[in-house]
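Visitor: What TrEMBL shows for this protein is this:
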- 7-24: transmembrane segment (TRANSMEM)
- 104-131: coiled coil (COILED)
- 217-300: domain 'YknX-like beta-barrel' (DOMAIN)
Amino acid sequence: MKKRTKIIIGIISVLVLGCGIYLVKHQSKPKEQAAKDENNIEYYNIDGVDQVFINGTITPVKSQEFVKDQTLGKLGDLQVKNGDVVKEGTVLYQYVDPTSDKEIAEMKMNIQRAQAEKEKAIRQKQLELTQLNQGGQSKEEGEEAPQPNLQLAREEIELKYDISGMDMNISQMNQQLNEIYERQVNKVVAPFTGKVSIPQDKNRDSAILNLISEEFYVVGTVNEKDVTKIKTGQDADIKTISTNQSLKGKITYVSELPDSGAAPGEAGGMNGGGSSLSNYTVKLSLENPKNIKNGFHVQAAVNLSDKNIEIPKEAIHFDKSDAPYVFVDDFGTVLKKPIEIKETKEALGKKVVVLNGLESMDQVIVKSDKKLKDGDILTTGDTPNSTDDEVK
């Protein structure tokens, strides 16, 4: 009986162990794999494109710092505020020369004195002319005095008081006063159209303000391995690092001289483990630079070959203005990328040539069982919400 019981217990143990192994093998599949199977995302990888990457920053085409100039007088109030966009010729601020106050006061007094003398002369002249007219009449009614003598007397009175000369003198003094005013106030105007930036911290050596143009370009660097591969006139796809904004640009300048800095071979020397490479300045123009700021960091990609980038038609989407874009997997995040295509929306074939907007190694999302949108995280168990910018 005991032997039979042991056999039954052994059989039960074997069955329990077998069931446990079966459950472990069939229920221990990673959730990540299950989620991927559920989303069923189809990718199209961009490869085989020879590119040069240029790291740089957004820089204004024109910028100027305005500092205090003691020789121009006492600094007056600013005529602009921080963030104002001003046109060329707009008064930014002005200096006042305190030493000219005395000159202005004296000149005003002289003008007032001359004006008073003129008014007195006008009254005296009118009085003498009146007396002349009364004295020139004959005592007998109807008899006139000799006219030549009367006319000569009037001309002598006009010359005596010379009102026209007084007016000319007053006009000259007013002109001198205006010149003193212009010398007293030295206006500083904007040399170009731009945005005003006023430093928050004020000290003796700080700038009064900075004027920055609203036209920008990219200043970047490329190392000696790649500098011979690029040239002016080449198109570039530019992306802002902080906002992932896509821009179009063109190389406008490649320096022939290396940037000042670590010389080749400085790191490690002859027997060291490596050496630094020389960097060369590269400048790129920007097409329609919107929503960017001075100092934004960017990366520009320059295609070196004429090989076309082609992607499936299903991967391309259009916004409300019929501008094409795609979604890519950007290190686990769905990223919307505006692109430029060769064909029109109505003439798309199975494969579409992309002229701008995609880079080598981009993972383009062709389709997915789940609706995806810009900014979605491609992690396990995600069920993103639906928006206008979505892919399915």
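Each residue, glycine too, has its Cβ placed from N, Cα and C.
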Visitor: Pull the DSSP breakdown for the domain 'YknX-like beta-barrel' (217-300) and write it out as helix, strand, coil residue counts.
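Guide: Secondary-structure composition of the domain 'YknX-like beta-barrel' (217-300): 3 helix, 39 strand, 42 coil.
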Visitor: Averaging the per-residue pLDDT over the coiled coil (104-131), what integer do you get?
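Guide: Taking every residue in the coiled coil (104-131) and averaging pLDDT yields 88.
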